[in-house]
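Novice: First the structure, then my questions, so here it is.
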Amino acid sequence: MLIVKKFGGSSVANKERVYNVAERILEDYKEGHDVVVVLSAQGDTTDELIAKAKEINPNPSRREMDMILTTGEQQSVALMSMALQNLGYPAISLNAYQVKMHTTSVYSNARLKRIDAERINSELERKNIVLVTGFQGINKYDDITTLGRGGSDTTAVAIAAELNADKCEIYTDVDGVYTADPRVVKDAVKLNEITYDEMLELASLGAKVLHNRSVELAKKYGVELVVRSSLTKAEGTIVREECKMEKMLVSGVAADKNVARVAAIGIKDEPGKAFSLFSLLAKHNINVDIILQSIGRNNTKDISFTVPRDALEDTKKILQDNLSRISAERIEYDDSVSKVSIVGAGMASNPGVAAVMFESLYDADINIKMISTSEIKISVLINEKDTDSAVNAIHEGFKDRF
Ligand code: ADP
Ligand code: ASP
Ligand code: MG
């Protein structure tokens, strides 16, 4: 059997954890399986590297950021290889360049395009345990890229798809996917299984237990994922196309703090204005999420929308430079908001879901700034400071329906 295992940062945070993971890798290897392991940077290494870079230059170029951030993953694979060798087993670490993992050119947010399997396969034939850096790739200029925060999950799924692995296991610091972040909601419930579609929504809406691109890839290539703990033997959650259980009304609550709200006030109320605003942002690769248009005074309208908070500075600059083109009187910004969402495939056929969500927020005295809905999710924009209480209140509201 060929098994791909991915371990996140906290799972390899220190010497003891490194050896703990080494033992888990060896359980499979000793049974005669081929094992490819994808690792993240240890503990808070990535955050520390970001802080270090910003100390030198508050606005570092994305290329150099990728160069420094990928050193974290490179440390992890080398250390794990040393641990396995120290235990008497053959292992080899490989970075994205050695594999090779080809991506698009966009630094800091590249997408995997193609993986050469040759080197990994030849190392497996030599009976090596193969340790591959998560999160990193190389682009057509032979530069190092990264796949975005949390991207090691995507590396693992892409390798599992490329090698046609029999299993792809994502090990983390919680024992599966829960109905809400178990660190925020004390009585969140572990799900035994969840569909790709629901998991994709949860991941995209802020449940960072899986990188959203990893779920997209898993669905595309039919890679069944298991999310489980590196610290316990608990069974974990299976992510797959179809679930045996009856469709749940709501499968989870997710929160995202990487959100900012922008309002273009006093736009002329005539055709083409929304187009000029949003095409401008699209041209600069800014992802717009919730959009709300309301009537203003004297034949004007206001358009509010959300962007990722880490794109707010770029958004501000673009809009200020183009105020007359979008014919707005002024632009307002709010970066102290968050987005809280519920996801569930059963929602489409159950009209009462939105009301339950809004009632829960009302009971907790939390004001809603914006709302957006789709077939399988409802999101609200609220004050950031209310995030955890909103997640708890909504989870409580759906308690009997998970
Ligand atoms: P890793 O370093 O292993 O990749 P992450 O920190 O990226 O781990 O993701 C795991 C974390 O995701 C958990 O510690 C948990 O706090 C958070 N999380 C958010 N939403 C959920 C959820 N619905 N189920 C499980 N964990 C969640
Ligand atoms: N180390 C990277 C990060 O913190 C990638 C990952 O953990 O998946 O985002
Ligand atoms: Mg992660």
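Cβ atoms are placed via backbone N, Cα and C, with glycine included.
So TrEMBL says this about it:
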BINDING   Lys6, Phe7, Gly8, Gly9, Thr172, Asp173, Tyr178, Arg183, Lys208, Val209  ATP binding site
BINDING   Thr46, Glu73  substrate binding site
DOMAIN    262-345  domain 'ACT'
Novice: Could you please provide the mean pLDDT value for the domain 'ACT' (262-345)?
Specialist: 93
Novice: If you pair up every Cα among Lys6, Phe7, Gly8, Gly9, Thr172, Asp173, Tyr178, Arg183, Lys208, Val209, the residues annotated as binding ATP, what's the maximum separation in angstrom, rounded to an integer?
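Specialist: The widest Cα-Cα gap among those binding residues is 21 Å.
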Novice: Any idea what the Cα distance is from Tyr178 (ATP binding site) over to Thr46 (substrate binding site), rounded to a whole Å?
Specialist: 25
Novice: Within its own chain, what residues at least 6 apart in sequence put their Cβ under 8 Å from the Cβ of Gly8 (ATP binding site), listed in sequence order?
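Specialist: Spatial neighbours, sequence-distant, of Gly8 (ATP binding site): Ser40, Ser152, Ile170, Tyr171, Thr172, Asp173, Ser230.
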Novice: Pop the Cα-Cα gap between Lys6 (ATP binding site) and Thr46 (substrate binding site) into the table, whole Å please.
Specialist: 17
Novice: Quick one: pull the CA-CA distance for Lys6 (ATP binding site) versus Glu73 (substrate binding site), whole Å only.
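Specialist: With distance taken Cα to Cα, Glu73 (substrate binding site) is 12 Å from Lys6 (ATP binding site).
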Novice: In the structure shown, which of the binding-site residues Lys6, Lys208 has the fewest other Cβ atoms within 10 Å?
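Specialist: Counting other Cβ atoms within 10 Å of each of the binding-site residues Lys6, Lys208, the minimum falls on Lys208.
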Novice: Determine the Cβ neighbour count for Glu73 (substrate binding site): the number of other Cβ atoms within 10 Å of its Cβ.
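Specialist: A 10 Å sphere around the Cβ of Glu73 (substrate binding site) contains 29 other Cβ atoms.
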Novice: Name the secondary structure element type, per DSSP in three states, that contains Glu73 (substrate binding site).
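Specialist: Helix, per DSSP.
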Novice: When you measure from each Cβ to the nearest atom of ligand 3, which of the binding-site residues Lys6, Gly8, Thr46, Glu73, Tyr178 fall under 6 angstroms?
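Specialist: Passing the 6 Å Cβ check against ligand 3: Gly8.
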Novice: What count of other C-beta atoms do you get within 10 angstroms of the C-beta of Tyr178 (ATP binding site), across all chains shown?
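Specialist: By my count, 25.
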